[in-house]
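Lifted from TrEMBL, the feature list:
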- 1-263: domain 'NADH:quinone oxidoreductase/Mrp antiporter transmembrane' (DOMAIN)
- 34-55: transmembrane segment (TRANSMEM)
- 67-90: transmembrane segment (TRANSMEM)
- 127-146: transmembrane segment (TRANSMEM)
- 153-171: transmembrane segment (TRANSMEM)
- 177-194: transmembrane segment (TRANSMEM)
- 214-232: transmembrane segment (TRANSMEM)
- 252-269: transmembrane segment (TRANSMEM)
């Protein structure tokens with residue numbers, strides 16, 4: 001746990017200069033907000049792992065067995081990746097960054113905390129994971145509805161996707177990894193397309209068609225794929241997750257998540 005904590009701290013320290021390099025007040029604000037949330041989460045991780053070692057005498061990550069420690073660790077790692085209800089920093093921070101740093105924040109920065117959640121998930125209370133997952137999908141759906149800034153829309157889409165991953169984590173971890181991989185590929189496509197179009201608002205997308213029709217079509221398709229529209233790739237993990245949830249006798253949960261995916265799809269279509 002000590003090494004995991006050190007890795008997370010080095011990772012935070014390494015991305016702060018990338019965030020603040022623009023010397024724009026909003027970039028500085030984003031870097032400060034990001035630093036404070038990550039430092040809080042890292043302190044919680046250190047506290048929880050020390051508590052676990054104190055009670056059980058074990059520092060190993062897979063053997064984290066004490067319920068208080070696992071719950072606290074799950075919450076701290078959720079704060080690190082921006083899962084609801086600890087998601088408030090993510091849209092503001094992403095809005096203050098340029099598209100390249102935003103891409104790193106949305107994809108690469110999710111890997112380390114996610115691997116840690118994946119390792120402690122078998123010992124975590126499934127109710128915590130599932131309730132955070134549902135809340136994230138709903139907030140990711142509602143939050144993006146009245147946005148015009150593309151980076152904020154992508155931030156809410158990130159929250160919603162993380163919700164899908166966390167919900168299924170206790171029942172079928174392999175699906176979580178599949179979903180994470182597809183999410184990273186689609187989000188990278190999205191950010192790189194927007195970077196080529198140098199678009200940060202919805203209305204700047206409206207004038208891209210005469211300039212670069214093929215790239216505009218690609219952007220549209222990857223957006224719909226993020227929303228999970230069949231027959232595109234993004235539909236596959238959602239479909240498998242809903243199938244697994246109904247197998248686990250959780251049809252109401254599956255219904256709520258499918259409805260929240262419709263919310264996301266609405267603002268992607270727009």
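Each Cβ is built from the backbone N, Cα and C atoms, and glycine gets one as well.
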Next item on the list: Go through 127-146, 153-171, 177-194, 252-269 and flag the stretch with the largest number of C-beta pairs under 8 Å relative to the transmembrane segment (67-90).
Entry: 127-146
Notebook entry, point to check: Who are the long-range neighbours of the transmembrane segment (252-269) in its own chain, taking Cβ under 8 Å and residues 6 or more past its ends?
Noted result: 130, 133-134, 137-138, 140-142, 144-145, 147, 153, 156-157, 160, 163-164, 167, 223-224, 226-229, 238, 241-242, 245-246
